[in-house]
């Protein structure tokens, strides 16, 4: 996204192989017209860069960080340790344990260093959670979130009505 103003959300991933998952967070933020920055920063391979990112995030206007990582998945926890900005961890599905290793690495933080954690490959929900955090300060985001939820409700009600009218067999056929 072209940065119009200062970014509000940082989307960080440990590897470019995480991009197919993490792009879903970017899509949501774009739909809500919220500025973001997206970077690949490895907690293990580029620790100095990660420290610099965390140290300067607030002065760059970052208010929430979404951090996706697979495997050992230390990125979200290290970021949370280095900054007071809320960090939302996205466990990325791995080959070895289908993302369970990532989930447990992110969710099991020591007391005093919390990381909000979404489901495996849950970048879309991470972005929605980031928007909810921002909506405390930005009423225009809160209004867009209300509309988003109303639209979801309407779609479910439409599907239910269609199912009731057609029956399950015809519903599944078309």
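Using N, Cα and C of the backbone, Cβ positions are placed for all residues, glycine too.
What Swiss-Prot says about this one:
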type	residues	note
BINDING	15, 18, 45	substrate binding site
Span of 15, 18, 45 around substrate - largest C-alpha separation, Å: 15
For the substrate site built from 15, 18, 45, further residues of that chain with CB within 8 A of the site's CB center: 13, 14, 16, 17, 40, 42, 69, 70
Spatial neighbours, same chain, of residue 15 (substrate binding site) - Cβ under 8 Å, 6+ residues apart: 40, 42, 70
